[in-house]
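Student: The following feature annotations were taken from TrEMBL:
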TRANSMEM  A:12-38  transmembrane segment
TRANSMEM  A:67-90  transmembrane segment
DOMAIN    A:68-274  domain 'ABC transmembrane type-1'
TRANSMEM  A:102-118  transmembrane segment
TRANSMEM  A:155-174  transmembrane segment
TRANSMEM  A:210-231  transmembrane segment
TRANSMEM  A:251-274  transmembrane segment
Amino acid sequence: MGETAGAARPWILLSPALGAIGFLLVVPVFFVIVYSFWLRSATGAEVPGFHLDNWQEVLSDPFYRDILLSTLRIAAITTLSCAVLGYVPAYFIATSRTRHKTLLLLLLILPFWISYIIRTMSWINILGVSGALNQLLVATGIISEPIQMLYNEATVILGLVHFLLPFMVLNVYVSLDAIDPNLADASRSLGASSMQTFREVTLPLSLPGLAAGGLLCFVLAAGTYITPLVLGGPRDAMFANLVFEAIITQLNWPLGSALSIVLLIILGGIVAVYNRLVGIGQIAKSFG
Amino acid sequence: MENTRRYERLLDRYRHGDVNRRTFLGLIGASATVYGVAGGPFAKFARAATPDQVRFDGWGGIVSEAFREHAFNPYTDKTGITVVDGTFGGADEYLARVRASQDGEFNLAHLSGVFDYSRYHSLGLSSELNEDNIPNLRNVIPALQQVFRNITDGKLSAVPYDYGTTSIAYNRKFISDDEVKEKGAKVMIDPAHKGKIGGWSDWKTRIWYGALQTDQDPNNIEDVEAVWDAIRANRDLVLKYWASGAELMSLLAEEEIHVTEGWSGRIKALQDQGHDIGYYDPPGGLGWQECIFVIKGSPMEACEELLNFMLEPEVAIAVAEGQNYPPALDPRKVELSDKVKALPAFDPGGTLEGLNFFDADYWNSNEEEWSKQYSRVERGY
């Protein structure tokens, strides 16, 4: 009897959290799945039932496939850019002997205190025709007329990198900070150059952090909606924009549900692969 | 039995030892879950629509400020009824919120166009106004009322409140008045302005202008493929499809774009700020009217009282001057201010015969197909 009670105790203790996850995550996703099999009527109201029309459309229409592939491509470029740009500051903070390391970390998370939309829109004032960069280039005589820099795929990626870079830096920093400094010293004492030490000791040991940051950046970039809306041109929509349009503009909640589930399955699959190869626990380390 | 009474009886039983602490808390928790899901006392707290307050949702920005200053605050002072003032980014987004809400949660909405009125009615969200409680309705332009009455069997679920146009706005520094007059809507498919053209990302407006660019009647399109081709031509020349009035103003003011369709009130605001922006109503240009819609399940008397207050000439004129759109008041019955008479789209005759509106039935019957197709065309298909 006592043994049974002991076995049940973890579940009892976990029940509030499990209940919250169940009500706030599992049940809504279940509803979304159910919705995906309904149909939209001519008035915009839903027709309950079990219909495969939405799934057939989503899975067979090249329009959705192309936008999905474009979304994954943009997310991959963003992730790679974040990795390249984020490693250097993370390495600097981790190896810095300054007393102000905490301040540097604080500066890293400072952008999170400002609204994501405001941060995204700030690029309009920087890259716009009458923005700061164009004014500077014209004033210095490098160009004679302002050039069009906004509203294309490059600015979408720029906005995403701006948004996601701190996630990458934090993950890489945690990974680098956990490396025993004696390992690098040992490598050098055995004759390795600084570059060899970095390539064969530091970089491999920091890969889990890089992978964790990469996963976060990729998943967040692939699910983004605001950045292409604000900084993209007519053709720069991402998959989440299609979900928004289906649900909000077209009032087609069943189709929007099917699109949401497709994105969920693909991103969930990527997370599952990551978990299999690296372990999801790596991400938790960067949050404390 | 009333819910509060139920709770008091349960509390009495607990205090007298008839139920233990665990049972008492369990019953409270269960009732909270049931009422939370089904809608009960907790949902009631979430609703803004109690007899002493009503909820109003509008477009935000200068429009909301005008409403708040000239209508809501004086109304609250006069009646003691609080107006909970919410905003939305777009009519579609707001409709999605309303559909996901419970009866009475949303009350009055500043909706755009007959198209939305019809959509709300089709989805069973319309109410029926008691016009006896809104005597100021008699000052409203009859043509604006009639289109609504046609949809709701002669009754009204909303009062018309203002109107405007979506016409061609252009920067005179780069495009002359003569060029716009000569080309009309086709100026927005002129390759000479590639990369400097904007447009509203609204499928109805895109199709309307696509029809004008192919010399068709937007309310009776015979060659829809030609319209899609015109939209594709426009898309390939466009720098950005804007999604809000603020974005429209920013793109024009910053000279990112030189020509776009624009909302008359927003363009007037830009002109007032000193920007040399021209505004031209092409033949067949698009007019629209906005209304204050009362959503089903709202406290009708309180809403009707607010509507009547909002239609008081001094209130409606003050709001109109604040938001730069002419009021729905009939200039043949109400003396309007000089500022209102100078607003773009203002019709001194009060008949609005010079404006073209969406034919709600026609556009609603094509909405499902066209909105989906537009999403593809915009993305390069």
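Please read every residue number as a count from 1 along the shown chain.
Glycine is treated like the rest: Cβ placed from N, Cα and C.
No curator has checked TrEMBL annotations; they are predicted automatically.
Not measured: the values here are computed from a predicted model.
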Student: Do the transmembrane segment (A:155-174) and the transmembrane segment (A:67-90) share at least 3 Cβ pairs under 8 Å, sequence separation 6 or more?
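Tutor: Between the transmembrane segment (A:155-174) and the transmembrane segment (A:67-90), contact is present.
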Student: So which of A:67-90, A:210-231, A:251-274 has the most C-beta pairs under 8 Å when paired with the transmembrane segment (A:12-38)?
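Tutor: Between the stretches A:67-90, A:210-231, A:251-274, A:251-274 has the largest tally.
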Student: Could you give the residue numbers and ranges of same-chain residues that sit at least 6 residues beyond the transmembrane segment (A:67-90) on either side and whose C-beta is under 8 angstroms from one of its C-beta atoms?
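Tutor: Those are 108, 153, 156-157, 160-161, 164-165, 167-173, 176, 206, 209-210, 213-214, 217-219, 221-222, 237-240, 242, 262-263, 266, in sequence order.
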